[in-house]
Amino acid sequence: MLSVTRRGTFAALILSIALSPALAASPEPVKAEHGMVVSAQHLASDVGVDILRKGGNAIDAAVAVGYALAVVYPTAGNIGGGGFMTIRLKHGKTTFLDFRERAPLASTKAMYLDGKGEIVKGASTSGYLAVGVPGSVMGLETAREKYGTLSREELLAPAIRFAKDGFVLDQGDVASLGNGAKKLSNDKAAAAIFLKPGGKTFEIGETLVQPDLAASLTSISQNGPDAFYKGAIADDIVKASAAAGGILAKADFEQYTVRELNPVTCNYRGYEIASSPPPSSGGVIICEILNVLEGYPLSYLGYGSAETVHVMVEAMRHAYVDRNSALGDPDFVENPVEKFTDKAYAKEIREKISPFKAGISKDLMPKGMGESTETTHYSIIDNDDNAVAVTYTLNGSFGAGVVAPGTGILLNNEMDDFTSKPGSPNLYGLVQGEANAIEPKKTPLSSMSPTIISKDGKPFMVIGSPGGARIITITLETIINVIDHGMNIQEAIDAPRIHHQWLPDTVFMEPFALSTDTLKLLSEMGHDVQIDASWPVWGQAAGILVGGKTVAEIEKGGGARYNGAMDSRATSGAASGY
Ligand code: GLY
């Protein structure tokens, strides 16, 4: 049987932006008939396909890819962080695993404030105080035990091999390690792994070997999650944390549990969306925005037109106020999910949107009242139509930049996703409220949005992306590009993006996303549109469309069964199928 793979390349990005909005520049999606894996690192995608070929299902492949990315994509792939998995089983049941980090038992609401109540710069993003209790190992093992078919040893073997024997670095891997070099050089154990002697960075063609990580993964393979949560790995992390002023305790690890939740669902123009519930804001806010947009003829208004962008921005503005002020960990706060995903509520929002004038964000400020680029998403579907969408993260690129000596495991800085101080923007500009305040064992609010869409009882699309607060709008825009604008899955992912998150009251756009005429029209409506130079790469979406590469092809019949697309913004990702 033939294997098909295409790697995301920077050259393709340049081409796709340069020719937008004609969008003919995107390469064809990867086509396959039996299974598809799309991830941010080509070796991990191939691991997933190998698992599918040997009879594993999509959940098995998701577990193996999760472990493999922890080795070959250290900027965001992880066992020292956490994430979410949305699953759609072949008969249509959907479920959701929350294995995101929890705040340590010794955490406090004001732990990142100084004596004057001001935020201590860097305290929630660097070093051990920034680390939330990791959930990835427990999450991947829970998925395997409940929904997988292969043994833990089989699913961990490829990751152990890459860690022990090493893997050859290509351009994207080297660029990623180079970007993290400064952060990683601050921690002796991290520098010893990810930098060469003398602090030099790796070069293309060199091999990265991670023996300590291989030993940690082997111990997890042999002893299960207890090796991580109850054994030597937890001991090593707690010891390193204490030595560096952190607050992680063995009890934090011993008490960690995974939550199985119902995905948030909504219907958009006849398509059934299943996405992440709180503690993610992703599914709720995607549904809220889609419900508002359903009242506008986006297909007629056209991709990138001033009218389309205006209504998208206004829907985003209203939805992000709700996100930032009202959502949080469901074990700690009452989330108004029903209200925010109600069509009647969307109608109320539409009634507040002027067709001619930009809204004003500060007028929406609730009474009393961040995130990072480096998360990663992968999408998988198998020969039986079991579909899995996983987004998991260390939060910032390489997380907190620390590795507990002897473990080889990079640790997250997920604590920065909490509200350090209500009303103050976090590192990534999100102004959040009390619902997301720090409390022991609480999970910080996320934007991660692993999403599976069905139509007429069959899987239609698997989609998600990294991108901090922009995860939501990246995922949303890919969905409307396919459903409303008729793009194929690769074009939909590659198309230039816009983003608004209530505060700051600015419409951010990728370079070339909007024409000069469109910018003029938006400016006349009162929108402040800017290119955000601090975000050179807006996410790396990974998607699969089922039954054809476009809605038109699906409706006509005869398209390829699985059509995979890795974002052309990604430098080492791949869609691989068989
Ligand atoms: N740390 C990114 C997110 O969870 O949204």
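Using the three backbone atoms N, Cα and C, a Cβ is placed for every residue, glycine included.
Curation does not apply to TrEMBL; its annotations are automatic.
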T393, L394, N395, D417, S446, S447, G468 bind L-glutamate per TrEMBL; candidate in R53, R88, R100 listed for that same site: R100
Neighbour count (Cβ, 10 Å) for S446 (L-glutamate binding site): 30
Cβ neighbour count (within 10 Å, all chains shown) around T393 (L-glutamate binding site): 32
Cα-Cα distance linking T375 (active site, nucleophile) and T393 (L-glutamate binding site), given in Å to the nearest integer: 4
Conformational class of G468 (L-glutamate binding site) under the three-state DSSP mapping: helix
Span of the L-glutamate site, taken as the largest CA to CA distance across R100, T393, L394, N395, D417, S446, S447, G468 (Å, rounded to a whole number): 15
